[in-house]
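Data first, discussion second: the structure below is written as structure tokens.
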Amino acid sequence: MADMKRLKHLMFSPFIDNNPIALQVLGICSALAVTTKLQTAIVMGISVALVTGFSSFFISLVRNYIPNSIRIIVQMAIIASLVTLVDQLLQAFAYELSKQLSVFVGLIITNCIVMGRAEAFAMKEPPLESLIDGIGNGAGYGMMLLVVATVRELIGSGKLLGYTVFQTVQDGGWYQTNGLFLLAPSAFFIIGFLIWGLRTWKPEQAEE
């Protein structure tokens with residue numbers, strides 16, 4: 001039976017101590033594209049967590065039967081199957097969100113976080129640990145998306161999840177929206193400040 005302390009570490013260390021975006025600087029492209037709204041960031045975060053977790057689980061199950069020469073192909077096939085399933089479910093049950101996410105759900109296949117956990121962890125560890133590690137890393141990625149999306153949507157439009165938080169000048173309120181935060185460069189700045197803040201708080205994460 002897996003050690004609960006280790007499982008807890010695998011699940012929660014990617015949130016702060018080993019965050020895929022803040023420490024490993026992975027998955028940046030989709031973080032720029034899907035964080036203009038909190039709703040799309042939530043769906044993307046959940047999608048990545050599920051794909052990363054279950055792809056690691058299935059890859060771990062068959063790891064001893066995969067010839068080394070084709071392991072990347074097998075990993076990609078498993079990941080692509082899960083991404084296709086997620087994409088089809090979104091189109092079936094959340095079509096408008098699927099349109100907003102556009103090609104970025106499909107591009108989960110090429111996300112370095114998913115491939116990285118499959119190659120670095122799932123190919124060496126048992127299925128349960130691989131599942132927890134994958135979900136943890138996907139959730140850590142999703143957490144960063146939520147923070148970035150909250151800042152961008154709130155400052156950029158004065159709303160969160162479509163609900164008005166700050167009454168804008170256009171609607172007779174006091175808040176003047178900042179259109180810069182609805183553009184991709186703002187995500188770079190926010191992620192940069194988050195990385196700076198995290199490494200100031202935890203100096204051991206700073207690069208030598």
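In case you wondered, yes, glycine gets a Cβ from its N, Cα and C as well.
Database features, via Swiss-Prot:
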type: TRANSMEM; residues: 42-62; note: transmembrane segment
type: TRANSMEM; residues: 72-92; note: transmembrane segment
type: TRANSMEM; residues: 103-123; note: transmembrane segment
type: TRANSMEM; residues: 131-151; note: transmembrane segment
type: TRANSMEM; residues: 178-198; note: transmembrane segment
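Where the transmembrane segment (42-62) meets the stretches 72-92, 103-123, 131-151, 178-198, the count of C-beta pairs under 8 angstroms peaks at 131-151.
Cβ atoms under 8 Å from those of the transmembrane segment (178-198) belong to residues 16, 19, 21-23, 25, 28, 31-33, 35-36, 144, 147-148, 151-153, 155-157, 205 of the same chain, restricted to positions at least 6 beyond its ends. Beyond the transmembrane segment (131-151), the same-chain residues lying 6 or more positions past its ends with a Cβ under 8 Å from any Cβ of the stretch are 7, 10-15, 18-22, 26-27, 31, 34-38, 40-42, 44-46, 48-57, 60, 113-114, 117, 121-122, 125, 160, 181, 187, 190-191, 194.
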